[in-house]
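Trainee: Take this structure first; my questions come after.
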Amino acid sequence: MRLAILGAGDVGQSVADLAGEYGHEVVALADSTSATVDSDGIAVRDVLERKVGDDALGSDDPEDVFGIEYDVLVEATPTTLGDAEPGFTHVQRALEADRNVVLANKGPVAERYAELRALEAESAGSIRFEATVGGAIPVLSTIEDCTPQAVTAVRGVLNGTANFILTRMAAEGLDYEHVLAEAQDLGVAEADPTFDVDGTDAALKFVILANVLADGGFALDDATVEGIQNIPGSALDLAAEDGRTIRLIGEATRDGVRVGPRLVPENGALAVTGTRNIVQIETRNAGSLHSSGRGAGGPETATAVLSDVGRLPPL
Amino acid sequence: MGDGPDSGDEDDPDAETDGGVRAYTVRLELVDEPGELLRALAPIAESGGNLLSIHHERGNITPRGHIPVEVDLECPPDRFDDIVQALRDAGVNVIQAGEEHYGEEVNVVLVGRLVETDLSNTLSRIEDEADAVVLDLSLAAPDGTEGIASARARLAIDSGRTEDALAAIRSIGTDKELTIVEPLLGGEA
C-alpha cells in the first residue's frame, strides 16, 4: 500500500523506516513545516537523514500530501486535547477523499470518537488506531477478536514513565522528586513530565478503550483522573508490609473511565516493573486475558501502525 | 430464649420463619487474660442470643498476640446487629460476624497531613460512614508529625459492600485533603 505519513517524530520516522519491511511504499512524509512528496515513492533514507540533521524534510509543502494518490494516511502528529487539531482535520480530509487512516495520535480518538465514526460511515475508507493504546501491545485487535460486546472491562498500566517512577520508589525507598529527576536523566521522563505523572496520558488511552467498548460517548473530561505526584515513598513501604505495591492503574468499562494510584498484589500480573506496560482484558466468556510489552517507543509503536495497515479492508 | 414471636422478617428474604431464629457465627479476637472469654460472652446472652458452641483457639495466636474465638449462636435476625453492637460496646474486637458479615478484608493507604487532620477522627469516620471495621493500622511519618505521612489501614467490610465503603472513604479523603490509594477490585489483579 502507498502510505502518506503526517508527523515525523519518533513514530512517523519509524513507520517510514520500517514500511518497506512490511511490503509498503512511502509516498509522503511531512511534519508541520515541510514535506517530501512523490507518488512513485520517496527516498526514505535520505529524508530521514535530513530530519536527523535538523534540515527540512524536503522542498514540498505539507499541504501537498493531500494532492497525491495514496492508500493510507498515517496520522502521527503530536496528541492535542480538546478539539484534537490539526489531527482531526487530517483524518477528516483523508476520509472525505475515501482513503484509509491509521492513527498513532490519541487526540481525535479520545476526544472526538463519535465524529470520527460518523465520517468513517460516509467514507469508502476505514480508520484504525491500535498504536494509540499500549504501543506494540495488541490491545484493540484483541478486543476486536473477542468482540467488544464480550469484553466487560479493561484494566492496566499504560504509562511507562509513571510505572518506572513507582517501581524505583518501591525498590530503592526513594521519594518521588528524586526518582523523577533520575528518570529525566535517563530519558525515561520528558523535561515536562506532567501528562505522564498526572495521569492524563493513561487516561486518554483508557478513554479510547471505553469508546471502543461502548461505541463512543467518552472524552477526557468524562474520566476520573488522579496522578502519582502525591505518593510518598512511605506509602509504598506500607503497601509492601502487606504484600502489595502501588501502580498507576487505569480502568475502562462501558460506564466510565478511572485512572489513579491503586494497591495491587506485589507479585500479581498488573505489578509490571520499569517502563513495561500491561493490560488485562476481562471477558464475559473467557476469563481475563493479559498482554504485556513495550507501550511506547518509535519502532514499537510503528509496528502497531504497520499491523493496522495490514488489517485494513481493501478499498 | 430467642424463641418468642418474631415479627422482624418482612424485610429479609433470607429470614427463617420457623421459630424465628437463625444461627450465626461471630469471630472474636480476645486479649489473653483471665475472665476475657466470660466478658465477651456476656453481651451475647444479655442481648437475647442463645449460645450454641464456643471454639476457643488457644494454640492459634493472631499477628497481634490475641486469641481468636469463634462463637456459634442463634437469635432472631433482627437481634443480630444488636448483639454485634453490644459486643463492640463492651470493647470486644469482632473480626467477623455472621455468614455474610464482614466477609471482605481490604487495605487502603491514606496519604497526607494525617496527624494535623486528626487521624483518630479520620478512622472513626471511616468506621461510621463507610460501615467498616479498622482491623489494623500502620503509620509512617518520616518527615515528622507536621509533614506528609502515610497510613495503611486493613478494613473489614460487609460482603458486597466494598464499592460503597470505598466511595465513602474517598469522600472522607476529599474532605480532609488526603490521597486515598484504594485496592484494585475485580478481575484477577
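Heads up, the Cβ atoms here are built off N, Cα and C, so glycines get one too.
Per TrEMBL, the feature NADP(+) binding site maps to A:G7, A:A8, A:G9, A:D10, A:V11, A:G12. Sequence annotations record features per position, and here TrEMBL assigns NADPH binding site to A:K106. The domain 'Homoserine dehydrogenase catalytic' annotation in TrEMBL covers A:138-309. TrEMBL lists A:E190 with the feature L-homoserine binding site. Summarising the annotation, TrEMBL assigns active site, proton donor to A:K205. The feature region 'Disordered' is assigned by TrEMBL to A:287-315.
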Trainee: For the recorded NADP(+) site formed by A:G7, A:A8, A:G9, A:D10, A:V11, A:G12, name the remaining residues of the chain with Cβ within 8 Å of the site's Cβ center, in chain order.
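Mentor: Same chain, not in A:G7, A:A8, A:G9, A:D10, A:V11, A:G12, Cβ within 8 Å: A:I5, A:Q13, A:S14, A:V15, A:D31, A:A76, A:T77, A:A104, A:G298.
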Trainee: Let's check the environment of A:K106 (NADPH binding site): how many other CB atoms sit within 10 Å of its CB?
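Mentor: The answer is 24.
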Trainee: Quick one: average pLDDT across the domain 'Homoserine dehydrogenase catalytic' (A:138-309), no decimals.
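Mentor: PLDDT averaged over the stretch: 95.
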Trainee: Taking every protein chain in this structure into account, which of the binding-site residues A:D10, A:E190 has the most other Cβ atoms within 10 Å of its Cβ?
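Mentor: In terms of Cβ crowding, the pick is A:D10.
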Trainee: Tell me which of the binding-site residues A:G7, A:G9, A:G12 sits in the most Cβ-dense spot, judged by other Cβ atoms within 10 Å.
Mentor: A:G12
Trainee: Name the secondary structure element type, per DSSP in three states, that contains A:K205 (active site, proton donor).
Mentor: helix
Trainee: May I ask which of the recorded positions A:K106, A:E190, A:K205 is closest to A:V11 (NADP(+) binding site) if we compare their C-alpha atoms?
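Mentor: If we rank A:K106, A:E190, A:K205 by Cα distance to A:V11 (NADP(+) binding site), first place goes to A:K106.
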Trainee: To the nearest whole angstrom, state the Cα distance for the pair A:G9 (NADP(+) binding site) and A:K106 (NADPH binding site).
Mentor: 14
Trainee: Hey, does DSSP put A:V11 (NADP(+) binding site) in a helix, a strand, or just coil?
Mentor: helix
Trainee: How many neighbouring Cβ atoms, not counting its own, are there within 10 Å of the Cβ of A:K205 (active site, proton donor)?
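Mentor: Total other Cβ atoms inside 10 Å, all chains included: 28.
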